Amino acid sequence: MEDALLSAASIPSPLLIFIHSSPLFPNTRARLPLSSAAFEEFLQLVDSTTAVRMGVFCRKHAQPDKDTHRKADKPTMDFYAIGTICRVFRAARGSDGACFLEVEGLARCEATDVVDNGGRHKTDRFRWAYVSLRRDQQKGNGDNEAQIQALLMSVQNHLTDFIHSSVNRGEKPTPGTDEATSNNKAASSPAMYGSALQAYIDRLMASSSSLSDGALTRASVVCDLAASLMTQASVEERQKVLEALDVEDRLRRVQALLLKVIEAHKLADKIDGNLAREVREQLIRRKMQELQKELRSLRQSSSSPSSSQPTDKDKAANNNHNNTSASEEDEDDVARLRNAISKAGMEGEALKAAKRELRRLEALQPAHPEYMVCRTYLETLVSVPWTKHSEDSLDVQRAREILDEDHYGLEEVKKRILQFLAVRRLRNDMKGPILCLSGPPGVGKTSLASSVAQALGREFHRISLGGVRDEAEIRGHRRTYIGALPGVIVQAMVHTGVRNPVLLLDEVNKLSYGNPLHNPSAALLEVLDPKQNHKFTDHYLGVPYDLSRVFFICTANTLTTMPRALRDRLEVVHISGYTMHEKERIAERHLIPNNLHTHGLTDKDGKAALEISPEIIQEIICKYTAESGVRELDRCIAAICRWAALKATDGDAAAASEPPPPAATAAPQSVISVQKEDLVDILGNEKYSLGVAHRLTTPGIAIGLAVNSTGGDILFIETSKVQGSGGLIVTGQLGEVMQESVRTALTILQAKALNKPPSDDVQGDIGMLPSAFSDIDLHVHFPAGAVAKDGPSAGLATTIALASLLTGRLVRSDTAWTGEVTLRGHVLPVGGIKEKVLAAHRAGICRVVLPSANKPQLRDIPKDISESMEFPLVTSVDEALQMAFVDDSETGEGTADEDSSKGRAVNDVPLVRAIIAAKL
């Protein structure tokens, strides 16, 4: 070891130093590359090219080695102070023109000062500096010999592992710098070099267990050798090893570096192994696909039948061919699914589940029972739209035109859709609303949802929930069951192909709510909750799916049967029904043109062969329909079209022998006009009659108003008294609330009779003694006994009917009543005012008595109806009794018109009873 023979006197002062990009360690050799300019400068600075002492120091901050000219005369300490004194034993220029210095590290040294040479250096690689030697040190007085020996053995073991790891990776662990390794072209193979290096280390470590001076030197040599081999470590880490003068500290630093580099090798080997496996798998699959294509082409080219009758050998060959084709199809399916997964745009849990199932599918044989289950799941998973969406049409004016063209009226719903579009223009990431269109049948709820999708430019899909009784139909079946499928929500997303469609949940109120073990409405809670549906989990898919971009529209005939938790998640928009004017416009703009086209009564130019006048439409609405919607009106118009089609072809003798004309054939030239007299032949007898049907002919009858799933309707309340003992009989299939309203009405009248003596001048007096109640039995009946009825809003009408019976005075026939009554005689507000008013208007009633608290609801009444009707407001039963009865002065003789306008009694009880029965 030349380090032991080196002394301070043998070091030139100042010493030529070389600035390098990495540290050089003692007892190692290295080849330092130089540029031509730096090589010429070295030759000028030294007297001889051999046995030259030179210091090698590492540049700070890992600056690249550039042979640039010095920009300043004043020298700088831009290198680490601790370096290595080296012996230059060769300076040469290679055959390829590359210049280099071959050096051997001798000992550690420290640069104390840099000499100013007046800027005579041509490059920035050489300096002159004063240096001093730095010897190895040992803490204490030999007390840590055992600790150093243990560290030395550990470093030796780790160094052996490092050499083996480097050799296995195809690397050559050459001691020295990176440049020396890269330029050593004459070195042997990594395996041979590693074996020779390991043998050298073993010989170096073959010493006694005691730490003599030689053993301490061996520990220093092993540390320096290990640090020089670990070129993967950073420059700063290796420089710290060079600066560690204490041998124990140096051993600990080298041990930590060895462990770090070995772990990095293991991790790199694992990554390389995975990459190699994937690459190898891809290559094998590509070769298999090419071979399969070649086999198929060979079979197709050689498939020429040699005889008409196949032999047994041919049949066996065909079976083998079919089996091979099935296997090829399976391989193609796996490749197709892998390609579909990469294009689907799945992320997170969905992507992990898809890759997991694909690996499982590859491991399964096609004949395995789970093969088709796994394949179907993957096909469903990639069919669900994960990223694809349709662009919204944010033109508010165009959307308004589409909605007005498809639907007449329904201003509240249209306004809500236009508001959504306006907000959507201001904010693109807005979540889809969840609307619920509530109203009677036939008012256009389903068709309105389709128009909404058209106005928004989105895909549309309808999901019918009527009769759904299992939550698995909403959330899907688990894949453990045979024949499992995703729920209707995911199926709708697959059908539309985009993640932001308009989904119509039709008849949501007709879900089955009876069985608590199978409650589909509970499954809808997550679907229709804006705070939860961004992570909706279908049982079949098993991964979260984002439904927040979907525009949900629900429809319901009534909200009373819907669970409160589900109703709380919906933005309800009520559609009460159409007025007569709106029905006329709908028939003119939509129903008549559609039926004419459907029944072939229009020609190519759009000219109609049937004329239906507005008077005929009014006649149909008044006498043949009594509904909130227009379905029955549409059926009546269709019947008229069928009658016209038969009449148009009647009398044509050649029509029976000729084939029916195609759809494009022009309609008959003559225009058929429908008259009022023809309606009886077409639609039958009149079903409803206004005015006369609502005449009240005897005391004890009043008209109430009700709301049901089909809209509003009028309700006749009939009372009668017989001799008895003060009993009360209630019939008509009434609920408990309605029966309580009847008893409350009777109690109010009994209290009035008890508290006030009979007097004609007392307002609200029923004119009856209290003792009279004990001598009679009262019977209250609500016709249409097959229809269940319940609710508190008939309390006021029942009170009026009983008061009319007890006083013997007629109730006004042009008035209907609604309101809940209390024992103190107050009239409380009720719901469904718009539906009830529309029903009264359809029945020809021009006066509706309402509770005063329902005055704000009058703003919802269409203007044409509110102008043609009266709406007296009452707060108590006394006020209602004041306006209930026909004046006695009006019961005299008069004309039929006066009887109709004044509400006088007409002695035609059988007619009224028949009309009432037909109405209800």
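Heads up, the Cβ atoms here are built off N, Cα and C, so glycines get one too.
Just so you know, TrEMBL annotations never went through curation; they're auto-generated.
Owing to the predicted nature of the structure, the values given are computational and were not obtained by experimental measurement.
Some features that TrEMBL has for this protein:
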type	residues	note
DOMAIN	13-262	domain 'Lon N-terminal'
REGION	166-188	region 'Disordered'
REGION	294-334	region 'Disordered'
COMPBIAS	298-310	compositional bias 'Low complexity'
BINDING	GLY439, PRO440, PRO441, GLY442, VAL443, GLY444, LYS445, THR446	ATP binding site
DOMAIN	696-887	domain 'Lon proteolytic'
ACT_SITE	SER793	active site
ACT_SITE	LYS836	active site
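Each residue in LEU437, THR555, ASN557, ILE575, SER628, GLY629 lies on the same chain as GLY439, PRO440, PRO441, GLY442, VAL443, GLY444, LYS445, THR446 and has a C-beta within 8 Å of the C-beta centroid of that ATP site, without being one of the site residues.
Among the recorded positions THR446, SER793, the residue whose Cβ has the fewest other Cβ atoms within 10 Å is THR446. For the pair formed by SER793 (active site) and THR446 (ATP binding site), distance between Cα atoms is given as 30 Å, rounded to the nearest Å. Taking the Cα atom of each, PRO441 (ATP binding site) and LYS836 (active site) are about 16 angstrom apart.
Summarising model confidence by region, the domain 'Lon N-terminal' (13-262) averages a pLDDT of 75. On the backbone, the CA of LYS836 (active site) and the CA of GLY442 (ATP binding site) stand 17 Å apart.
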